[in-house]
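Visitor: First, the structure itself, so that you have it in front of you.
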Amino acid sequence: MKKISILGSSGSIGKSTLDVVRKHPDRFKISGLAANQRIDDLIEQAHEFRPTIVSVGNRELARKVKAQVDDSVMVCYGEKGLIDVACCEEADLVMNSVTGATGIIPTIKALHAGKDVAIANKETLVAAGCVVTKLAKEKGCKLIPVDSEHSAIYQCLNGESRDQLSKLIITASGGAFRDLTKQEMTGLRASDALKHPNWSMGEKITIDCATLMNKGFEVIEAHWLFEVPYEQIEVLIHRQSVIHSMVEFVDGSIIAQMGMPDMRVPIQYALEYPNRLKSDYPKLDLSLISQLNFEKPDMARFPCLSYAFEAGKQGGTMPAVLNAANEVVNFSFRRNEACFSDFEKILDEVLSSHHNIQNPQLEDILHADAWAREKAELLIKRQS
Ligand SMILES: NC(=O)C1=CN([C@@H]2O[C@H](COP(=O)(O)OP(=O)(O)OC[C@H]3O[C@@H](n4cnc5c(N)ncnc54)[C@H](OP(=O)(O)O)[C@@H]3O)[C@@H](O)[C@H]2O)C=CC1
Ligand SMILES: CC(=O)[C@@H](O)[C@H](O)COP(=O)(O)O
Ligand SMILES: [Mn+2]
């Protein structure tokens, strides 16, 4: 039995992870669960999966949870609670599926505690990839990709020699605005951006898909996970989201991983890696798909993708700044306090006024993150 702690159990990835666990009671057991605000979901999960520790966003919510779960369950809260769940003694593997830079410290603490981490929380790798990947190596812990593209690449690289890799090809649906001109995108709101063509996910990532920032983050994520230079990472729009990503080798062969757009597949692969378990998830029937389309991304319509390539290449604290400023604009956009064109404008302004620090320590990253949030918030306030 592998014991798993889930950070972000009330979210989209968290719930899909619990569904995988539910389907394989002989293989997985839940040791800890952490949510933030959605305590009703967490309480229900605690009743079903019987973790030894749970955590929620604050003390008041923890008090409510305590009154409704078994006495034996330890109930924590806040930043420390998230860390306590990540480091709980029982856990063999931590699924990090919180959103945003909140995931950085719990990932680091889990690795320090010797846990393998299944990493869905891409913002941790974007902002602190240098620190986290180095630490995982030092501690001999696995950092297993959950993001569908990175799981695909992980599978394509299985058994291959790294020096024969020629490039990674990360596929992208193109997001909700893929068929619109730049002009048509200006007036659009969060409710429009939330209509992802292929995947059902949390709101923050779905908005990031509409700006192609999600794809930009995935480029940086791939750079750190697979130690591949940015010049060897390509993005390809593939509107069906059936090929989850590809790897090209020096002989010109391309290996692709395919499947239905269902996150339970990469999640299950991460939980059971390097083995595969039987599943009853809907299978891909290629005879029902009349065509697979591919096109180059349009950086002029989607400047966030080029910001990410640029920030990744500059390295240092630049990706942390990009991530933090994006979190602020994304949040404001969802509250109708920023418009779609603010992603381009505000991120450009924050990035160009940042004094980059190369080879950053964790403190430099956290400091850059805080600086970028403040700067982006100020810019949004100023223009409204
Ligand atoms: N959804 C998907 O298919 C994919 C997601 N990812 C990545 O996985 C991560 C999660 O995405 P997704 O599941 O869609 O997001 P959701 O918004 O659905 O879920 C986020 C989860 O994180 C929790 N959370 C947020 N902030 C805190 C905090 N401060 N402390 C504790 N818990 C917190 C939420 O708690 P609560 O709801 O209780 O407030 C919720 O459980 C993101 O980094 C995303 O980029 C990557 C690939 C695919
Ligand atoms: C499911 C998943 O991995 C998401 O990160 C996905 O990549 C979103 O789709 P697009 O970014 O291709 O729109
Ligand atoms: Mn993805």
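Cβ coordinates are placed from backbone N, Cα and C, and glycine is handled just like the others.
I grabbed these lines from TrEMBL:
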type	residues	note
BINDING	Gly11, Ser12, Ile13, Asn121, Glu123, Gly202	NADPH binding site
BINDING	Lys122, Ser148, Glu149, Ser173, His196, Asn214, Lys215, Glu218	1-deoxy-D-xylulose 5-phosphate binding site
BINDING	Asp147, Glu149, Glu218	Mn(2+) binding site
DOMAIN	4-129	domain '1-deoxy-D-xylulose 5-phosphate reductoisomerase N-terminal'
DOMAIN	143-226	domain '1-deoxy-D-xylulose 5-phosphate reductoisomerase C-terminal'
DOMAIN	258-374	domain 'DXP reductoisomerase C-terminal'
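Give me the lay of the land around each of these features.
Guide: Counting only same-chain residues six or more apart in sequence, the Cβ atoms lying under 8 angstroms from the Cβ of Ser12 (NADPH binding site) belong to Ser97, Ser200, Met201, Gly202, Met263.
Classification of Lys122 (1-deoxy-D-xylulose 5-phosphate binding site) by DSSP places it within a helix.
Asp147 (Mn(2+) binding site) falls within neither a helix nor a strand when secondary structure is assigned with DSSP, and so counts as coil.
Counting residue by residue with DSSP, the domain '1-deoxy-D-xylulose 5-phosphate reductoisomerase N-terminal' (4-129) contains 61 helix, 27 strand, 38 coil.
Taken together, the residues of the domain '1-deoxy-D-xylulose 5-phosphate reductoisomerase C-terminal' (143-226) have an average pLDDT of 97.
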Visitor: Under 6 Å from ligand 2 by Cβ, which binding-site residues from Gly11, Ser12, Ile13, Asn121, Gly202?
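Guide: With ligand 2 as the reference and 6 Å as the Cβ limit, the list is empty: none.
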Visitor: Name them in sequence order: residues not among Gly11, Ser12, Ile13, Asn121, Glu123, Gly202 whose Cβ is within 8 Å of the mean position of the Cβ atoms defining the NADPH site.
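Guide: Same chain, not in Gly11, Ser12, Ile13, Asn121, Glu123, Gly202, Cβ within 8 Å: Gly8, Gly14, Ser97, Val98, Thr99, Ala120, Met201, Lys204, Ile205.
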Visitor: Closest of the binding-site residues to Ser148 (1-deoxy-D-xylulose 5-phosphate binding site), Cα to Cα, picking from Gly11, Ile13, Glu123?
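Guide: Nearest listed residue in space: Ile13.
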Visitor: When you measure from the Cβ of Lys215 (1-deoxy-D-xylulose 5-phosphate binding site), which residues in the chain that are at least 6 apart have a Cβ under 8 Å away?
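Guide: In sequence order, the residues whose Cβ lies under 8 Å from that of Lys215 (1-deoxy-D-xylulose 5-phosphate binding site) (at least 6 apart) are Ile170, Ala172, Cys209, Val235, Pro297, Leu305, Ala308.
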